Amino acid sequence: MQATRSIRLPRKLSACRLIHNHSILRSSDPSGRTTSFGFRTVPEESKESLVKGVFDSVASKYDLMNDASSLGVHRLWKDSFVDTLKPGRKGPLRCIDVAGGTGDIALRILDHARENYADRETTVEIVDINAQMLKEGFTRFKKTMYHNTPQVSFHEANAQELPASQFKNDSYDLYTITFGIRNCTSIPAVLSEAYRVLKPGATFACLEFSKVNNPLLSTLYDQYSFTVIPLLGTILAGDRDSYQYLVESIRKFPSQPEFAQMIRDAGFSTGGDFDGGAWTDLWGGIASIHTGVKI
């Protein structure tokens, strides 16, 4: 069951729509099902709160840590991601950006549509399960021309159970999720919800860390990930454990062909199982862009 309710906002937030949708948490899982939390195996019902704890901890330093841990490369990947989608090229879009709390993808979508196609009608609904991340995104948008306009809104909701009364069937032209789906308890549930809310012919697009195929690059990347990134978490954010989890979660994510099959299993049409088909590798597979079309 999914429950939703509106929460009275502090005065300083009332200029932008920040809507809170809360799940009724299950107290136990009689099936005893488990899932991964980094390299740990945990009960399925525990993962959501564990991930929430991670992002509560890192929210205020999230962009700084991404810059430090990737030497700014994540910005180039996000630019490529949005450039590939070309929002606004065929007219205004209604977009939903899931796990998009900090707002950087939404801002890129709106800027791309405006700067390239003079489109000021495209809208983005930013959805995240974590209120702290949404606050970071709200603050970012207060510095832009899109603040307090119909082009952007913020919603607290679970990607696995988007409230159907608010996120209706066949409603969106573009669904994006960036570096977020691997943190969800059930990837198939997220993909099923993405399929539900998209219009027929609309696009699902995911940018996520992936599998490096070159053995030498893979070894170097592992050494960097497991030594440098947690150390930077300690130095810059005072939080080694959260960044250790983020590194481990990348290693637990399915390979490119496996994830492509999951997208097809949800009902989407994709290209073939190769780089340049169902997915596009970035930097040798450190990250990949996956797309699918609702049929």
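From the backbone N, Cα and C atoms, a Cβ is placed for every residue, glycine too.
What TrEMBL says about a protein is an automatic prediction, not a curated fact.
These come from TrEMBL:
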type    : residues               : note
BINDING : T102, D128, N158, A159 : S-adenosyl-L-methionine binding site
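The structure, with features from TrEMBL marked on it.
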residue	record	Cβ within 10 Å
T102	S-adenosyl-L-methionine binding site	25
D128	S-adenosyl-L-methionine binding site	27
N158	S-adenosyl-L-methionine binding site	21
A159	S-adenosyl-L-methionine binding site	24
Report task. Could you measure the widest C-alpha to C-alpha distance across T102, D128, N158, A159, the residues recorded as binding S-adenosyl-L-methionine, and give it to a whole number of angstrom? Result -> 16
